[in-house]
Structures are given as structure tokens and as C-alpha cells.
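Annotated features, as they stand in TrEMBL:
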type     : residues      : note
DOMAIN   : 18-151        : domain 'Malic enzyme N-terminal'
ACT_SITE : 39            : active site, proton donor
ACT_SITE : 94            : active site, proton acceptor
BINDING  : 136, 137, 162 : divalent metal cation binding site
DOMAIN   : 163-399       : domain 'Malic enzyme NAD-binding'
BINDING  : 286, 317      : (S)-malate binding site
Ligand SMILES: NC(=O)C1=CN([C@@H]2O[C@H](COP(=O)(O)OP(=O)(O)OC[C@H]3O[C@@H](n4cnc5c(N)ncnc54)[C@H](OP(=O)(O)O)[C@@H]3O)[C@@H](O)[C@H]2O)C=CC1
Ligand SMILES: CC(=O)C(=O)O
Ligand SMILES: [Mg+2]
């Protein structure tokens, strides 16, 4: 990142007031009567109603449109375990994106927990406050058990965004990129650098979309995950294959696809040169990708290049997923975000990239024409049609798969956040 951009980012966060988000009041508070309704004595009435039936919390409080973004700060972007407080700008940032793109209110919560169990207990005890919980930047392997137990204990959608949000967007972008490169997901050989939360979920979803497990080679800090290793946790072990390959260079030789969910500057031009013709490179580590797009495109011109960043073409980032997935889930009061809803989101994002791009989106990204192709494999986050299409697809899938407690909303499809009820 340039020094200018670093300073601009600090100034953006500091001024004119610290942080990126605030709470707003939604009811009149001008008169003594207003206060008698909002607070004592009037507030006692909804209290009594909720005590009689907890479902009334959705009627009389902000619960139904409120999502908690919760982290322990153990895997903040690709920066590592910098602790809960340091994760706050990212969690506030997720709150901004939820609100801006899907009209969802967010409380960001940073938990200083000494163990996964302490984290689980903390989240379980506050879960009733919210309509849904977005777990964020919690490292593997702890994140898998944390999510599993919370899903079991809570009756609202629990969604670890780094796993499922990332996987949904990666799958959507990958299906399009492979199509544009004339390759099929069933035959593509895939190298995944990283074996954590995002990597494991992305590879699982690519397999659901047709990738062959035996065509996937996953690597962690120690190299290729192969069946001769005795240091693998159960999540990595699922991807262990019989192979003599040991290093990233071995793995990438002749591969069709590189997916980076690891750390900065780990893919060298020398290794990139050895990949198959017309490769797909998703260097998704944030803020610094596994290879800079400039360097990758200078090294060879037959690739499709994507990163997780807003300042390059092809932003493969979970921002294209989580706001709209939660919108659809909340609006049908889904009890979970299940596989059917995830697949519906993949297809909606993938298909939207093939439609003509509205002028306001073109202008928001600098005015150059955008159309389905090597530099536009996936929609832009500022495309308002994501709200329309992804929320509708997710809500419909929730209804069809039996996890919705409400029917498909009469006010759908949504054209903007102003349509939200
Ligand atoms: N674009 C997007 O939307 C998203 C991008 N990401 C990015 O993915 C990355 C991982 O995030 P997440 O899965 O949540 O974190 P985790 O901590 O769960 O996993 C990190 C993984 O990266 C591996 N890794 C780290 N450094 C290296 C290295 N030098 N060589 C090989 N492997 C390495 C780790 O290996 P080991 O197991 O050996 O420790 C681990 O498997 C981050 O950079 C993050 O920004 C994440 C979510 C969304
Ligand atoms: C985008 C995101 O969630 C991450 O990099 O962790
Ligand atoms: Mg994250």
C-alpha cells in the first residue's frame, strides 16, 4: 500500500469523528409523551409481551434486523492473531457494509476469550439479542468447532463469513473464470495455498460445484498436505492426497487454478510461469495478495487475475455475499443458513456477472465499460442488483428447503434498501 493510501486510511477512520458507524433513533423522542412511550412507563408493555412470548421480541424490538459481527481477533484478515481490540476496525467495517448494502443494523462485538469454550459461552449468552450472528476473523481450526456448537445451541442463523461468505463468492467467480478460460471445474487442477477457515470452506464448496477432490492440492505453512503427514488436524486431513509433491513450486507446475487464502507475496513469478496455459489466479489474501496483479500480469498475459481488494478488477471478496445472504435469511426468519441457501447465492452472483452493467455502477468504478470477460468475472460490490437477486435467491431457497419460518416476502424482490420492511 502506498504511504498516501495508508495515511488517507488513518485519516478516514479518525475524522471527522472516530470510527465508521453510529446508532440511530427510529421513533419520535420530542415530547414528554414520546418519552413515556419509549421509556418508563410505556416500555413495560413490550417487556410484558416478550416475557409472555419471546417471538414478540421481533415485533417490539430491533432484534429482527440486527446482526452481531463477532470476533476474537485471532485471524484478522491476513494480518494474523492481533487480538480482539485490533479487530474492531474490520468488524465496524463489516457493519458499514451490512448497513450500506442490505440495510441491516450491526453491533460489532470483540471478545477477549481465553479459550474456544469461553468464546462459545459468551456468544451463546448474548445470542437472543440478535436476529443473526456473523462470526468473523476467527482462526482455524478453532472456528470450525465454534461455529458447529453455536449452530447447535442457538435458534438464529450463525454464519462464519470467512468460511461460507468467502466460499460462495469464490465459487461464483471461479465458475465464471473457468468458463472464460475454456476450462471445466470437473477437470481443473486446483492449488489452494492456505488450509484455514477460508481455504477449507472454499475447497469444500468447489467440490460441491463439481471440482474433483483428487484434483485439489492444498498447502499450509509446511507445504503440500499429503497422506504421509502425521501433523494434520481433521479438517486438513480431509484434503490429504497421495502425492510426491511437497512444495508450492511442485504443486503449481501445470496447474489450472491457484487459490490463495494464506498471506502476502507467497506466489513468485517463477512459479506462476510454470502453470498451465490460461490459468486462473485468485490471490485473495487481504490486504496484500499472494501476488500483486501488476506482477502477475507482467509475468504472463493469458491469466485471469482476481484479488480480495477494492482497488483492482475482479474483487473476489465475501462482501458480495454476507449482506445479501443475511437479508434474505432475516426476511423469511430462517433458523439457519443451509447449503441450499449457499448454492442459491453462488448461482445468483455468478449469473449476475453476465448481465449488462448499469451506468451508475460503471461510473462508480471510474467510467470504463464493464462487461463479462477476463476483467469482469464477478459483479461489483456497489451494484444494487446484488440486493435484488441474491437476497431473493437466498430467501426462496430457505423457503424451499424448509428452514424459513415466514413465507417468501410479499415485498420482494428488493430494488433498494428503501424497500426493506
Ligand atoms: N477475499 C476474501 O473474501 C477473503 C480472504 N481471506 C484471506 O484468507 C487468508 C486466510 O484467512 P483465514 O482462513 O480466515 O485464516 P486462518 O488463520 O484460518 O488460516 C490461515 C491459513 O493460511 C496458511 N498460511 C499462512 N501463512 C502461510 C504461508 N506463508 N505459507 C503457507 N500457508 C500459510 C495457514 O497455514 P497453517 O495452517 O500452517 O498455519 C492457515 O492454513 C487471509 O489472508 C484473509 O485475508 C479470508 C476470508 C475472506
Ligand atoms: C474479507 C475478509 O473477510 C478477510 O479477508 O478476512
Ligand atoms: Mg474476514
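The backbone N, Cα and C atoms fix where each Cβ goes, and this holds for glycine too.
Any TrEMBL annotation is an automated prediction that lacks curation.
Scoring each of the binding-site residues (286, 317) by how many neighbouring Cβ atoms lie within 10 Å, the top position goes to 317.
Those same-chain residues not listed among 136, 137, 162 yet with C-beta within 8 angstroms of the centroid of the divalent metal cation site C-beta atoms are 71, 75, 76, 90, 135, 138, 160, 161, 197. Cα separation, residue 162 (divalent metal cation binding site) to residue 94 (active site, proton acceptor), rounded: 12 Å. Other C-beta atoms found within 10 angstroms of the C-beta of residue 162 (divalent metal cation binding site) number 27, with every protein chain shown included. Put plainly, the binding-site residues 136, 137 were compared by Cβ crowding within 10 Å, and the winner is 136. Among the recorded positions listed (39, 94, 162), 162 have a CB atom closer than 6 Å to some atom of ligand 2, in sequence order. The active-site residues 39, 94 differ in how many other CB atoms lie within 10 Å of their CB, and the one with the most is 94.
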